[in-house]
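Student: Questions regarding the structure given below will be posed in turn.
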Amino acid sequence: MMQRPPHEDFSLKETKPHLGGGKATGDKLTSTYDLVEQMQYLYVRVVKAKDLPAKDLTGSCDPYVEVKLGNYKGTTRHFEKKSNPEWLQIFAFSKDRIQASVLEATVKDKDMLKDDFMGRVLFDLNEVPKRVPPDSPLAAQWYRLEDRNGNKLKGELMLAVWWGTQADEAFPEAWHSDAATVSGADSLSSIRSKVYLSPKLWYLRVNVIEAQDLIPTDKTRFPDVFVKAILGNQALRTRSSMSKSINPMWNEDLMFVAAEPFEEPLILSVEDRVAPNKDEVLGRCAIPLQYVDRRLDHKPLHTKWYTLEKHVIITEGDKKKEIKFSSRIHMRICLEGGYHVLDESTHYSSDLRPTAKQLWKSSIGVLEVGVLNAQGLQPMKTKDGRATTDAYCVAKYGQKWVRTRTIIDSAAPKWNEQYTWEVFDPCTVITVGVFDNCHLHGGDNTGGARDSRIGKVRIRLSTLETDRVYTHSYPLLVLHPTGVKKMGEIHLAVRFTCSSLLNMMNMYSQPLLPKMHYVNPLTVSQLDSLRHQATQIVSMRLSRAEPPLRKEVVEYMLDVGSHMWSMRRSKANFFRIMAVFGGLIAVGKWFDQICNWKNPITTVLIHILFLILVLYPELILPTIFLYLFLIGVWYYRWRPRHPPHMDTRLSCADNAHPDELDEEFDTFPTSRPADIVRMRYDRLRSIAGRIQTVVGDLATQGERLQSLLSWRDPRATALFVIFCLVAAVVLYVTPFQVVALLTGFYVLRHPRFRYKLPSVPLNFFRRLPARTDCML
């Protein structure tokens, strides 16, 4: 059996870190990094050297600089045959790991056997100045080189050395002492913090109307014509034309996802199905998307005729003659700017704005996230015979992705990096994921390494109070085939600042999606297909950045594959539905206790309240809303004080059966043996059978309701019609208050006046016919 950790391990913990900087004052912040802990760094900027002594007969040298502080050592690139080199490189040494009191900058000459010492400059750390932004950068100075005995040598080195924090503008591009074990320029660039932007996505609508003057090869049959459209790796086709002629008509829409900058044209081909598996191209055209019209609303654009080219080569004797015959196709093509291109799961959307920037509304606030540190990260790989983790974070909100620097070989990395996003809708979600960097030390060339997922956190902005700093440690939970596993904890500081409370309150009255989604809606199947294409485009574009944001990282952040069948998720959704209806069930039980006089005092009070409401019906609605107001005020004391986080019990992850988890992690199509697939198929059939029964029962009740007046059962309908006539007469001559009082007192009658048998109306309803008799 799987050993489960205690439930407390999965809880959210509030923390009180020592955040650096000042507090918010008005719209401005006194410090850029006020949501993270300050980290001290010793910065060394190596600028250039001059008058370096020659070391060979050619009168030149191959210089580079080695910056050394204790056991940490960083080197610049070397230049060949140059006595006045210019490096312009920055080194950063974390104060937490400093093991020496002297900084040494040594100029060396690159050599095949042993690098030659050319001179050095020493700095006492106690004499190094401090710099606090927004102070201007420290000016570099010339320093004379010395030998190991302190004697002055020929040559000078220009350096700048200062104490600073991660708020320094030199921080992102600096070589960090944490990365001292990383080799190669490519690997070094992949550990630095970066900001990425998703490509601007458009829906491309291709309305194929008709074609003219098609020339099929086979003149003895009516052509079976359809249109195939290809954009990148997306391919769609229309149905075959109903008009079997050389002038076919379709009037069908094809939808694609296109990303700016538009790199590939839309390729259209009109094809004739000449055999079951053989299509003949009757014409083709390529349309660059740069020249396609852009639409911001639902008003139709003008149609255009496009020329279809078909190259036919005819042999006349010994000569080959090429004939170009141009058919035409009638289409309406436009880039839809009024939609929001969905590339995330709709439950966790971080952006709901339309594509066209002209339709954007002003921002309502600012979201600031400080990625502080992580604790207790599980080892993700083995390096040099020992388990290790090289962790970094990725945060995604709107079109902006951020990636922190990678902390090498640490189970408790400290990032202390702060990022800011504009907020346009409070009902959106920011996602923060933690990954293990598997592309260090030339990992790209060792069989396609993939960055391992350590876990992620989602925070819905509407659940946050404005202007409050939330500092919590979130559990990083990942579902494995063996069950749910805690991979560590991530410590975040989050603040949602609202620029206008009125604008934010107004957002709650606005539609969630742009207007075009409601005026000209897309089908569910279209949205699923387009979302898949959008995620593929985003992952492909971000993987081409430098350094790349890997495909597996983007897909994990965008929840690709969340629509796949999962027994665990199905159970969780069922229990969620039961919890929603649990309140109604509880009210029903309470009312049943009232009717059965379990508590006579409460029942008498309900009688009095009922009597007042019937005699004064204008008090019904005010009483209901006042009651809801009082409930809301009463629950204010127990309002949630922490952001929601992933709940293993709600997700049914803490007690999932191993076979159910194995099924969830199975590939699509399946890779399991036939006997296991057969067992799972039978289990699925049994569950589907129960669902089928429940759906059938619901349909039966609805059909019985319809059969009251359908005369399917003539006697039952006659009884109901007569009852309606009598009820109309009685209700016409009897005051409504009397009818309501008699009905209410009858429902609340004492148990001694009740029978255990079902009531007459219920018996009558259950005897009504349904269409179950017509089912095969």
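Glycine is no exception: its Cβ is also placed from the backbone N, Cα and C atoms.
Positions annotated as compositional bias 'Basic and acidic residues' by TrEMBL: 1-17. Residues annotated as domain 'C2' in TrEMBL: 23-143, 182-306, 348-474. Summarising the annotation, TrEMBL assigns region 'Disordered' to 1-25. Residues annotated as transmembrane segment in TrEMBL: 574-591, 603-636, 718-748.
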Student: In the same chain, which residue numbers or ranges, 6 or more beyond the ends of the transmembrane segment (718-748), come under 8 angstroms Cβ to Cβ?
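Tutor: Distant Cβ neighbours of the transmembrane segment (718-748) are 594-595, 603, 606-607, 610-611, 614-615, 617, 708-709, 764.
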Student: Against which stretches of its own chain does the transmembrane segment (574-591) lie, if we need a Cβ under 8 Å and a gap of at least six residues from its ends?
Tutor: 650, 652
Student: By a Cβ-Cβ criterion of under 8 Å, what residues six or more beyond either terminus of the transmembrane segment (603-636) are in contact with it?
Tutor: 594-595, 597, 736-737, 740-741, 744-745, 748
Student: When secondary structure is assigned with DSSP, how many helix, strand and coil residues does the domain 'C2' (182-306) contain?
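Tutor: Helix (H, G, I), strand (E, B), coil: 8 helix, 66 strand, 51 coil.
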